[in-house]
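What Swiss-Prot annotates here:
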BINDING   G39, P40, S41, G42, C43, G44, K45, T46  ATP binding site
DOMAIN    7-237  domain 'ABC transporter'
Amino acid sequence: MSQKNFVELRNVTKRFGSNTVIDNINLTIPQGQMVTLLGPSGCGKTTILRLVAGLEKPSEGQIFIDGEDVTHRSIQQRDICMVFQSYALFPHMSLGENVGYGLKMLGVSRSEVKQRVKEALAMVDLEGFEDRYVDQISGGQQQRVALARALILKPKVLLFDEPLSNLDANLRRSMRDKIRELQKQFNITSLYVTHDQSEAFAVSDTVLVMNKGHIMQIGSPQDLYRQPASRFMASFMGDANLFPANFSEEYVDIYGYRLPRAAHFPVQGSGTVGVRPEAITLSNHGEESQRCVIRHVAYMGPQYEVTVEWHGQEILLQVNATRLQPDIGEHYYLEIHPYGMFVLADAA
């Protein structure tokens, strides 16, 4: 059974003066799904978040939430909560007062506020922190307080504006897992903004990649990585080696190196094939067409990041550090594994 589209942007454009920041965007978020807007700085992703929140008004188009046109409604009229990058906590209030502030403004009784604050803090693993203050807890704990403050209101839509960007790597990992866990537990329709690909992949049902105010591609994290639609997508969704290729019914020919043709590849003509670094391995044996030379080696802990020269082109690949220790100038034979290959539709 298909899910109801809970948030919808129809032909939305946003201009600031003569600058078009969002250009005729159409976007839907199914009920209970986490959709992430991913893209480089200035691509328009935060503007979309602010449009959904009601902090900005579109120059053209309509915004719907739960089937209602909210284009001209304020944020207070949209039943939305936002988790900010800066946490936006009140330093003069206790954590319990911060979390319960929204309920207090809604006129909820003191006893109910107290009980719901206790439950909300427990959800984010901060049980018993009601009487502490912002300056007594870490950045990661502050972000969890901000999340509890949003969840306690049981909003129709939850918005995340780069919520993990101020945290270190270990805290980011644990916090993103907590966000995803709670979003799924409470089935909250959510829109998440980040410029971090791994973060987007970890929290999302669907990722929408933007560039210069346009949607470049929409899909699951797996689809975007395995089947990018353009050169921009291939490079933005991780490292990619791009090769000229010739296609036939039986094989793909890259610099004379023939590989079995995947079912979804063209059966004739030429084009561009992309290969992810993890789909290329090095061997001591092979055909002359596979021969390459090591140009650069970087030790990355469990693996080496290796650059080889192959038919005059520099290729990036990853080598398991326990299996091979390549040195600059050494010759090997590269092997391309079909699971990491894709064909690009654009030639630009």
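Positions of Cβ are set from backbone N, Cα and C atoms, glycine also.
Summarised as a single figure, the pLDDT of the domain 'ABC transporter' (7-237) averages 95. Other than the site residues G39, P40, S41, G42, C43, G44, K45, T46, same-chain residues with C-beta atoms no more than 8 angstroms from the centre of those residues' C-beta atoms, the ATP site, are H195, M210, N211.
Of the listed binding-site residues S41, T46, the Cβ environment within 10 Å is emptiest of other Cβ atoms at S41.
Within the same chain, residues at least six positions away from C43 (ATP binding site) with a Cβ under 8 Å of its Cβ are M210, N211, K212, G213.
Under 8 Å, Cβ to Cβ, and six or more positions away along its own chain, G42 (ATP binding site) finds K212.
In the shown protein chains, 13 other C-beta atoms lie within 10 A of the C-beta of P40 (ATP binding site).
The Cβ of G44 (ATP binding site) lies under 8 Å from the Cβ of K14, V21, I22, I25, M210, K212, G213, each of which sits 6+ residues away along the same chain.
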